[in-house]
Amino acid sequence: MEFVYFSNEFPKDDLHDIYRGLHNHSKHRDFPLLARFLNEATAAVKDEVRRLPTELKRLIPPFDNLLSWVENKELREGLLCGAIDGVLLIVAQVASYIGYVESHPEELRNMSEASLAGLGIGLLASTAISLSTEQADLPLAGADAVRLAFRMGVHVFGVSENLEARDLSEKPETWACVVHNVDPAVAQKELDAMQPAGEVPETGKVFISAISRTSVTVSAPPQKLKALLNKCEFFRKARYIELPVYGGLCHAPHIYSAQDTESIVRGASLNARRKGLEPVVPVYSTSSGQPYAAKTATELFECVVSELLRQAICWDKVIAGIVDSAKRTATTEATLHCFGNSIPLNDLDKAFKSDMPELRVSTNNLVPWIFQNEPRDTAPRGPAQSKLAITGISCRFPGGATTTEKFWEILEKGLDVSRKIPADRFDIETHYDPTGKALNKSMTQYMCPIDEPGLFDAPFFNMSPREAQVVDPQMRLALVTAYEALERAGYVGNRTASTKLERIGTYYGQAADDYREVNQGQEVSTYYIPGGCRAFGPGRINYFFKFAGPSYSIDTACSSGLAAIEIACRALWNGDVDTAVTGGMNILTNPDGFAGLNQGHFLSKGHNACKTWDATADGYCRADGIGSLVIKRLEDAEADNDNILGVILGAGTNHSAEAVSITHPHAGHQAYLSRQVLRQAGVDPLDVSYVELHGTGTQAGDFEEMSGIMDVYAPLTKRRSKDQPLHIGAVKSNVGHGESVAGTTALIKVLMMLQKNAIPKHIGIKTEINPKFPKDFKQRNLHIAFEQTAWPQIPGKKRLAAINNFGAAGGNTTMVLEEGPVREKQQADPRQSHVVAVSAKTKASLTGNIERLIAYLEANPATDLADLAYTSTARRYQHTHRVAMATSDVAELTKKLTSSLSKVDSIGPVGKSGPPQVAFSFTGQGASHKSMNLELYRDVPTFREHIHHLDTIAQNQGFPSCIPALDGSFPQDHEHSPVITQLALVCTEMALAKYWASLGVKPDVVIGHSLGEYAAMHVAGVITASDAIFMVGRRAQMLQEKCKIRSHTMMAVRASVAQISESSGGKRHTIACVNGPSDTVLSGTKEQMNEIQVPLEAAGYRCIKLDVAFAFHSEQTDPILDDLEAVLESGVVFQEPKMPYISPLLGKTIFDGKTLNANYVRRATREAVNFLPAMQNAIDIEAVSEETVWVEIGPHPVCAGFIKSIVPSTQLAIPSIRRNEDNWTTMSSSMAALHLTGVALSWNEFHRPFESSLRLLDLPTYAFTEKNYWLQYNGDWCLTKGNTFYSAEKEAARAAEPQPSVGSDLQTSTVQQVIALEVEGNAGVVVMKSDLMQGDLLVAAHGHRMNGCGVVTSSIHADIAYTLGNYLYRKIKPKDKVPAMNMTDLLVTKGLVAQNKTKYPQEFRVTAATPDITSGQIMMSWQNVDDNEPFATATLILGDANDWLSSWESMSHLICSRIDSLERMAAEGKASRFTRNMAYTLFASNLVDYADKYRGMQSVVMSGLEAFADVELTTKESGTWTIAPYFIDSVAHLAGFVMNCSDAMDAAKNYCVTPGWKSMRFAKPLTAGAKYRSYVRMIPTKDDPTVYLGDVYIMQDDEIMGMVGGIQFRSYPRILLNRFFSAPDKAMTEARAGNAATVTPQVTIPKPPSSLKTPAPANPSRRDSGVESKPLPPPQPKQAPPSTDSENSTISKALTLIATEGGLEISDLGDDVSFADLGIDSLLSLVISEKFRSELGVQVSGSLVLDYPRIGDMRRWLEEHY
């Protein structure tokens, strides 16, 4: 009999360990019922908690599983402790029972004769087994028991609370005591005497709740119970023990009624009731000792709950009842199942032995299996239960850590790699202020930078140089490290189920956009958005690798990297992806970040990384960093034969919600997260031997984190044993705080520690340890490694580590991982020869890859060659530049690799035009072995299985097995029957063809030689494999039956048919095969062959007799022909070939479905094999070519020689098998040769049969050909930003003051409304607003038309500046005369173009401000009303007009002499003279169409880029102006005329516009009707030939009266005219008008700086300013090499245009090169397409790169159409 006892006590084992073990087992596929029960039990309790009153609900914190209750001591000792422990006990017992049944499937199967019993709450657990008709019912019935236990516990608490309320500040007191060695009747009599009826309330009486022969349990409210025990002499003298009963009274009939039972059971939502479950196993009542008579689940539950509430326990009755039952059944064996040893079970065991001595009784504990059977290496239950394997890592970390090995060297040596901020980020000399008083400056000079972060291989990643320069370097390096991590992980797309492109996602952490904000922002270009916005980082990785899974960019501040990894883990656990590429990125270039973090007191000012845990820790040191990892589910990684660097067991993120501020850490929340992650991972915190801390080196952060870590991993309550030391470390002390990459850096550090079996020394403590830390490190067994410490592997146990990572925004992320599994090879790879391949995208990288591999082999001479071959072929991407070699020895390989270095320059790319054509040639019988011993048959299961399938077909058709001729069971010279020999040949060839197909080698055309035609017809789809076997077998049988074996023979002669005829001397013979120009086979009788051999050899022709049984293709076969044709006619169906079929019978290529038939086979048996004419025909009709790759299918290469003799220039002809050579030697050589031709081989399939014997090697990563692509941040504009004098304090104070009213005393044509004015002492600010669509201003704009649009000319800006400058000066100095004003440093970053629809306003505002008018400066800025970003800036410098005139006097003579010179040149015809109409007509046709009011130039003389003009200003001034724009333009736009109309400029392709000037000043007013003379000479700048500078001198009566100095023009491709000068549409206008009210102009009076100087314009556009600092400017295309394209051809021009736009060289534009390889994407394609149309007249769509993906495609299209 089976008896299961459910105790009312927890097992003696640690409850944490029990629950943790159950949790871990539930993750595995072998325990589905256990997992379901735990889920159902948790759901049931959550449902009950949800239903609780609010005051009780508050007592239970949120939980995700019941394991958290075990760890919550406060909860288990709280008010609801009875309910909590009741649930935990039932869950432990039912889960242990279910898990035991699942792990011991042979036990506890038949419970029909079993019995159940329990004590206390254990009785409720027994109902789960009783109600389970089948094991599948256990989870639901068990969840019901858990639900009722909770409900009953809550109910008991509610009742008991009314009897005696508990003081939570005190320890809980017991409600029950067991009194030993007393008679129950005497005990009851004593209780009655002490509690007379009517004198003591019934509800307060002490009562007996359990009875045994020698003891009683007495229960009562704690104080009543304590008082009686102390008061009553009887109980005081007896020995009593307090029981751990703290939840209230049970077994109390005077307290509870049937209504209580009904409330608990009937009010519950029960699965058993819903499913109609009934008791099937008897449960013994602890009051009657008999099984309950319940018929339904509800009745059983009510019986049990009623007994627990109202009936006293009498275990002796249970024992008697069970013994009686055993006696009645006459059982001979009894197994007592329990959950740990207990007194009641021992009593039952004694009773059995006493009353039934013949009964064999055994005890079985259902708990130990949890610990004895650690989770087996079985698949997890689902993705959510999987462990996650890290299979590849790569990094770019500070200190030159470009590899993980170099990173480890930094850690191992204990280096601090902080240094002065490098110049490629910003000029620290101008951006540093140790006092912190200077605006926007950093108080630290130090960081931990990556060396040369701009290094990048743009062509490899299909980026043009122009795009690469713009793309954020952290995105570029994320792409590079992702490639390296995948490469080290052995990733090849679609190789396995887990590497399907649709199932791979990317997840990267990034918290800053420095490069976009500062470097890119200086010149916004086509790639500004895709090159800088964060989403494009992971998106670019997906796009490059063609991953179709999700891509996420994660920003959680400093925890971004690890949070991204955690989200990647979630995706794997959720089943969203099968492989995740993840990590973090951070490249620092923006000085604002340093200034802001300094102001927030985050950064250390010293020259150190991070002083983590140091007493003087004062903040962190900022750091660069890029880290990438590849993560899979563990079972997938193991199935894929990956290297497993570490295994992630759990990860989670939460928020420090209760912290004192958002940036302040919180130890409690950190500890909570750690416990939660450990619980989910099923890990005991004390088993974790290393924790990598965040450790930024801030006082607050270090203390809070250390407190949380100690609380969880090294607590005082449950201390670590001596053999459980815990070490802690923090990588930031070495490489600084990488912010968004910090967690990634920490994870990679831990992975390297696992690999190196060492804990590197901690270098953060520079003085002494933080005094706030607890002093009991030693007692806690907690250690900081001050020297490198061994971290050895422990047999039978895995090392565990945790990583803490926090974010300044309040986020906490924690991860727990263990070391990867150790995998041993099952057996050695049997192959003797292997292929090692090295490839790259360029020759330079190929050289680098070869050199790296040579260095690796020299450093690792014991490298397993099989592993190397596997890694370099099946586990690496194969690029277009290749070397591959078959070898059997590493030393030999090293020599071959070294030799190949000298040949790299001669190696061209393969596969650029697609893979080569493949042809299969099938060998005839002349090459077959008598008895083959095929290693392929021995070693390749798929080949062997296919041979067996074919052999089965043959035997089913009545033929003998051909296996003995293949498997080596006979000596090679053993001669089999013709049937076996011929079947062996055809089966081998069909199996070889299928094997080649599995390797990716499939024929495009076939030819068969003699008997090889049957296999060829099968592969071509003409006949089935079954028919091929039938045809060959029947033909062989007929030959055997009707022809005499060995009476005839065949002889190969190295001569042509004509030569044989000429030299045979008339000897009789039959031409059997014409194989080549000098290869012929004769057939005949042996005598005939002997006779003809003599003259042929005498003539010098080599003759070889073939070892064949019959003379095929001769008269010997005549007897079988009729029968053969008849049999095939009726038994074989011939289909149309699926590929060209080269017929050696007909000497031509067959495409139709009629030629190949039974008659064809008859003729092919008898007639000659015309291999030579067949091949010649195939060449003639281009069915094959010299580029065709030939694979010979047969036991020995024969046809390959014929093919090469017919087509000597054949690229490749290789064998499958070679006689007397190991198959793998032949296959390796052939595979290597095929690989070098570009055939897409399935290397994975090639190695798959041996993968258990192979391991992935960590070979050197790809040798990128890197260049430095970097946009340098220039100047110090980050310090100014146009708000240099902004004062937050003043702004706040002024906001509370009444705003001054703005007077309306200023209104001109350009300054329509003053909207803000404030003056304070010598400081002031004025803001105006004007509508471009109004009045004279609109007329002025439309008088200056470009591209058909009205454009606000710079002269309008000048009038506004002079107007506001005069106005502001008068307001500040009303009594002073307004001085002359020099408008300096005008910079227009974006033209203001008038919209077409004038009914909508187009408003802009201009601000003029000065901190101190005595400084002589007024700052100007122009903005649209809906945008605070200025589109123009300038500075007015106050001056003296007389001083200007004096300074110009010396120049007047020089200018006049140049004008005289131009006059002479014009007179001599050496300079051009233009009239007014000619000049403005030309100006209008080239760029600017001026209205008549602007047309002041009356004549122009121009030579090259030098000119003068006679100017007369219009006599009518329409509008109100300070200086009319018509006047300014008339005297100044000579410079624009020169730049756009001079023959020295290419006006057809380009146009020139001015972004501004250095100065504009007029010493005298410009007067209507007055005459002036303007002179200018423009010169190109040295730094940028597209930028020109010049000075425009304005003269009156030979005296300089005005000057526009340093006027700048920049040349742009005319194709961009539409982009920059197009009227804004209505939608934009409406949006601007609608948003105008939301933007409030700042009118804060500027604060005077300590030293006033002309400020740099805010955020200048480098495109317009001409100020560029690019280490790698786009290269100009070099002269193309000699080609068939003439210089003036459309093709040549098109290539030049492409090279120019892509920043490429023409030599890069080979026909086989794709646009994608050049990095020309859709954006650049649009620009190129537009230029094709406008400059070349070539009409192409914007999808150029899609329509013509390769240069050659585009060239051919141009040749055809242009």
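Quick reminder: no glycine exception, Cβ is built from N, Cα and C everywhere.
Per Swiss-Prot, active site, for beta-ketoacyl synthase activity is recorded for CYS558 (among others), and the stated evidence type is sequence analysis. Its own atom aside, the Cβ of CYS558 (active site, for beta-ketoacyl synthase activity) has 31 Cβ atoms within 10 angstroms in the protein chains shown.
Per Swiss-Prot, the feature active site, for beta-ketoacyl synthase activity maps to HIS694 (among others). Counting every protein chain shown, the number of other Cβ atoms lying within 10 Å of the Cβ of HIS694 (active site, for beta-ketoacyl synthase activity) is 32.
In sequence order, CYS558, CYS610, TYR620, CYS621, ARG622, ALA623, THR696, GLY697 are the residues near HIS737 (active site, for beta-ketoacyl synthase activity), counting only same-chain partners six or more apart with C-beta under 8 A. Taken from Swiss-Prot, the feature active site, for beta-ketoacyl synthase activity applies to HIS737 (among others).
Per Swiss-Prot, active site, proton acceptor is recorded for HIS1344, and the stated evidence type is sequence analysis. Listed in sequence order, GLY1350, VAL1351, VAL1352, THR1353, VAL1488, TYR1490, ALA1491, TYR1494, ASP1529 are the same-chain residues six or more apart from HIS1344 (active site, proton acceptor) with CB atoms under 8 A from its CB. In the three-state DSSP assignment, the secondary structure recorded for HIS1344 (active site, proton acceptor) is strand.
Positions annotated as active site, proton donor by Swiss-Prot, on the basis of sequence analysis: ASP1529. Annotation note: ASP1529 (active site, proton donor) sits in a helical segment as assigned by DSSP.
Summarising the annotation, Swiss-Prot assigns domain 'Ketosynthase family 3 (KS3)' to 385-819.
Summarising the annotation, Swiss-Prot assigns domain 'PKS/mFAS DH' to 1312-1618.
Annotated O-(pantetheine 4'-phosphoryl)serine per Swiss-Prot: SER1722, in sequence order, evidence recorded as sequence analysis.
Here Swiss-Prot flags 17-247 as region 'N-terminal acylcarrier protein transacylase domain (SAT)'.
Residues annotated as region 'Malonyl-CoA:ACP transacylase (MAT) domain' in Swiss-Prot: 920-1240.
Feature annotation from Swiss-Prot assigns region 'Product template (PT) domain' to 1308-1622.
The average pLDDT for the region 'N-terminal hotdog fold' (1312-1448) in the predicted structure is 93. Among the features that Swiss-Prot reports, region 'N-terminal hotdog fold' is placed at 1312-1448, with the record citing sequence analysis.
As annotated by Swiss-Prot, region 'Disordered' applies to 1632-1689.
Other Cβ atoms within 10 Å of the Cβ of ASP1529 (active site, proton donor) number 26 in total over all chains. Across the region 'N-terminal hotdog fold' (1312-1448), the DSSP tally of helix, strand and coil residues reads 38 helix, 57 strand, 42 coil.
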